[in-house]
């Protein structure tokens, strides 16, 4: 191939084996998102067993979710270094080990470590690579592929909610954790489907970089070792980190808007799911009916995600996908604000249905909107940086809700808090994205104006240059005058 094309990676196939990859991502993402929510079935029994409060038991899900999101940069670095397939398979192994170890825990602190940190880190190694590899296999159909992969979460939740209830009644929470650990090992199978595509993840050095490296080696060999200062060592370390995490994204206006809005949103995003089943039991509803609410939410969510992906891929919505995402977040918050009005089981079914719709809309566009802002090339770094920032509010969200429940003895204040936070986040994103689009249009207009000015100046300079050239050259019309001048010179010389 030509030199210019030799290092160019092939374009995304937008199909073929990509659909098998979507299925693998469906399983991995499904477990990563649904598993922390499905564990809420066991919380009441674990709370009674260890004699803990609502806020203490909520830390299990919070630590797991925070670890899943906070380990994003580590996952991104591993994907850049080794690829998606081995990272997901190792993550599945960690998930299994964490849950099997949790079955033998004798204190709530041990559950924090086994379920929260070990299993949460394993889920992080499943989530990030699954999202990243879809961007490598799809471009035109990427919103649809993301929507289908994200549908794994509601499908898994719909399955895990009744399954966990069945396991709990027959094997108790310890036996259930053993079985769930074995089920999570299926993430290793899903990871095996992630066949690498395109060029390797290792960065190719240019000729100039190789020359610099050779020069560095020569200086290090010929010169004394103490010449290499501590500052240079820190600079080299920062450059190595920057190969995997692009910190220049913090200068990207759209990325910062997305980051702030999402950090605020996650303060109220997961708490309603964690406390939905306990809230139903608090209302006097039996355990199976309470677990069925999660299944209703999951079924609606399951259809909402691919449908949202199709709508987001439409010609009218895709250029405005940031506004659509903002609306979905605000709609989610409105559902939580209206939840305290649901005083009966029928009302909770209606709430679960609308909550599932809003939740599915947000999740289907969560990563698509980020890729729309930063592009596929910087997406891996963007995901890692976003998730580590989000983990703080994810960690605090459910425990704050638990504190409100312990303080007031009522779940309504928790739902109101979550709803208000999410409406605020949706409003912020809508306004700031409008501002961002206006600024981008203004900057594009200024850039075009500057290019036109430079072009006109260049044309004017070329015209002046040509005029000066023409004025210094004699044309045919000056030939008689030149001959007459030469004749006069000859006469003078002869005289």
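Including glycine, each Cβ sits where the backbone N, Cα and C put it.
The transmembrane segment feature in TrEMBL is assigned to 16-36 (among others). Counting residues 6+ beyond its ends, the transmembrane segment (16-36) has Cβ neighbours under 8 Å at 61, 64-65, 68, 88, 91-92, 95, 119-120, 123-124, 126-127, 129-131, 133-134, 137-138, 145, 148-157, 160, 180, 184, 186-187, 189-195, 270, 274, 298, 363 in the same chain.
The domain 'Major facilitator superfamily (MFS) profile' feature in TrEMBL is assigned to 18-437.
If you look up TrEMBL, you'll see 57-78 (among others) marked as transmembrane segment.
Annotation comment: TrEMBL describes 90-123 (among others) as transmembrane segment. Non-local neighbours of the transmembrane segment (90-123) in the same chain are 28, 31-32, 35-36, 39, 46, 50, 52, 56-57, 59-60, 62-68, 71, 129, 174-175, 177-178, 180-182, 184-191; each lies 6+ residues outside the stretch with a CB under 8 Å from one of its CB atoms.
Taken from TrEMBL, the feature transmembrane segment covers 144-163 (among others).
Long-range contacts of the transmembrane segment (175-194) within the same chain, counting only residues at least 6 positions beyond its ends with a Cβ under 8 Å from a Cβ of the stretch, are 20-21, 23-25, 27-28, 31, 35, 42, 83-89, 91-93, 95-100, 102-103, 119, 122, 126, 129-130, 133, 164, 167-168. Taken from TrEMBL, the feature transmembrane segment applies to 175-194 (among others).
Summarising the annotation, TrEMBL assigns transmembrane segment to 255-276 (among others).
Long-range contacts of the transmembrane segment (288-304) within the same chain, counting only residues at least 6 positions beyond its ends with a Cβ under 8 Å from a Cβ of the stretch, are 34, 37-38, 40-41, 151, 153-158, 161-162, 164-165, 273, 276-278, 280-281, 345, 348-349, 352-353, 355-357, 359-361, 363-364. If you look up TrEMBL, you'll see 288-304 (among others) marked as transmembrane segment.
With a threshold of 8 Å between CB atoms, the same-chain residues lying at least 6 positions outside the transmembrane segment (324-343) that come near it are 261, 265, 268-269, 272, 308, 311-312, 317, 350-351, 354-355, 358-359, 361-362, 365-366, 369, 412, 415-416, 418-427, 429-430, 433. If you look up TrEMBL, you'll see 324-343 (among others) marked as transmembrane segment.
Feature annotation from TrEMBL assigns transmembrane segment to 349-367 (among others).
Annotation source TrEMBL lists transmembrane segment at 379-405 (among others). Listed by sequence, the residues of this chain that lie at least six past the ends of the transmembrane segment (379-405) yet keep a Cβ under 8 A from its Cβ atoms are 53-59, 61-63, 65-77, 79-80, 124, 128, 131-132, 135, 244-247, 249-250, 255, 258-259, 262-264, 266-271, 274-275, 367, 370-371, 373, 411, 413-414, 417-418.
Feature annotation from TrEMBL assigns transmembrane segment to 411-435 (among others).
Residues or ranges marked as region 'Disordered' in TrEMBL: 445-495.
For 445-472 (among others), the entry in TrEMBL reads compositional bias 'Basic and acidic residues'.
Summarising the annotation, TrEMBL assigns compositional bias 'Basic and acidic residues' to 479-495 (among others).
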Proximity of the transmembrane segment (411-435) to the transmembrane segment (144-163), 3+ C-beta pairs under 8 angstroms:
no
With a cut-off of 8 Å between Cβ atoms, can you find at least three pairs linking the transmembrane segment (349-367) to the transmembrane segment (144-163)? Only pairs 6 or more residues apart in sequence count.
yes
Looking only at the domain 'Major facilitator superfamily (MFS) profile' (18-437), what is the mean pLDDT?
82
